[in-house]
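Over in TrEMBL, the protein carries these features:
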{"type": "BINDING", "residues": "11, 43, 79, 364", "note": "FAD binding site"}
{"type": "BINDING", "residues": "158, 159, 160, 161, 202, 203, 214, 371", "note": "NADP(+) binding site"}
């Protein structure tokens, strides 16, 4: 077995880790991970909020999997036939993967933000993913937001990512300094003039997407306070049974924030039963953007938000949409109706409905963007078991697209060249970078100080 895993995030490493345990010791196998990003671990590095360092503990398990001589990681490699959004990547056509490997797992995640039809991107409207890419120094990060020129931010969506962004904007920069926040990001946050963050949700507190942990962190922000909610919003309809979490959410919101509203310079609000209906960019008449919001109620039969016919307008400086993620439409085997790859029982299925032999999908690439790391791990373990079962008991009626008998030790020619030119990061290279980032962080009294690609490449190849 010679397996290529396209993607180097949590799902990819969990599949590899599980295969190390499940595959018979007598079987000769190799696992090669390819990632468009130059560093491994995907969303753990470029998605987890900086003030949640405990979530990143799973990287110890990934390190353990990478120590096995049968696994190799190749970072800064864009697999596929479409241009990479990251300019410095090494291109590896999918045909090269198919001709060099007997098994393939697509663990490419969901890398694009879902957009709102009424909120096209503009200078006044960006995505939460762009904000996260900025403060985690993602290789595809946009320019910093103009936080020194704005005071009001409207977040559309009330899931955990939305609350992560709100926390980053409302937390004192001196508190953030000890975490994994790049110095250049801290410099921008230090100049921020943001005073209020509005978190808009189309349904009510019982349907809110955030978790208790994230809500509690907002409630306990040391330098911000919450605008009190109207009591009637926190009264469930008569006869509606509540889950334990819903009961706790209502209790927490009833108490309000740790800081009394009006005692802090920075504030935030949960604006329930509101759905974007349009955005007017700033004009000579209005210095701020004008966000139109349709008022909604929850249909008890469908649990969907429906408009009441009433609307209101909010003056805001920046709208940030946080509505989830989808896969790349140009990716092979992408299903536009699903928003991710088409799979059946973990196996990739073509447009014609044919199951591909030994080709699999794992994690968000296969399931869509939902669930926490634990759910990703369980899915990856299930994918690994499917791979092993298919290897022991091959399925009939599948289409063969891979090389059934590749050379175990060979790697694609494009990768050989990239490694020789030091344009590709292998796992030992990453550990050198990781060690240097932590050393730099220690000097600054923080978790780590991240390196950009040019810095990392210079560390690995000083003559560049």
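Each residue, glycine too, has its Cβ placed from N, Cα and C.
Ranking the binding-site residues 11, 158, 160 by the number of CB atoms within 10 A of their own CB puts 11 at the top.
Long-range neighbours of residue 214 (NADP(+) binding site) (same chain, six or more residues apart, CB within less than 8 Å of its CB): 160, 163, 164. Residue 364 (FAD binding site) sits 20 Å from residue 158 (NADP(+) binding site), taking the Cα positions as reference. Spacing of residue 11 (FAD binding site) relative to residue 371 (NADP(+) binding site) is 12 Å (Cα to Cα, whole number).
Residues listed for NADP(+), 158, 159, 160, 161, 202, 203, 214, 371, cover a largest CA to CA span of 21 Å. Ranking the binding-site residues 159, 161, 202, 371 by Cα distance from residue 79 (FAD binding site) puts 371 first. Rounded to a whole number, the C-alpha distance linking residue 203 (NADP(+) binding site) with residue 43 (FAD binding site) is 28 angstrom.
Between the farthest pair of Cα atoms in the FAD binding residues (11, 43, 79, 364), the distance is 18 Å. For the binding-site residues listed here (79, 159), the lowest count of other CB atoms within 10 A around the CB belongs to 159.
Taking every protein chain shown into account, 202, 203 are the binding-site residues, and of these the Cβ with the most other Cβ atoms within 10 Å belongs to 202. Taking CA atoms as the reference points, residue 161 (NADP(+) binding site) and residue 43 (FAD binding site) are 12 Å apart.
In this structure, the C-alpha atom of residue 43 (FAD binding site) lies 13 angstrom from that of residue 371 (NADP(+) binding site).
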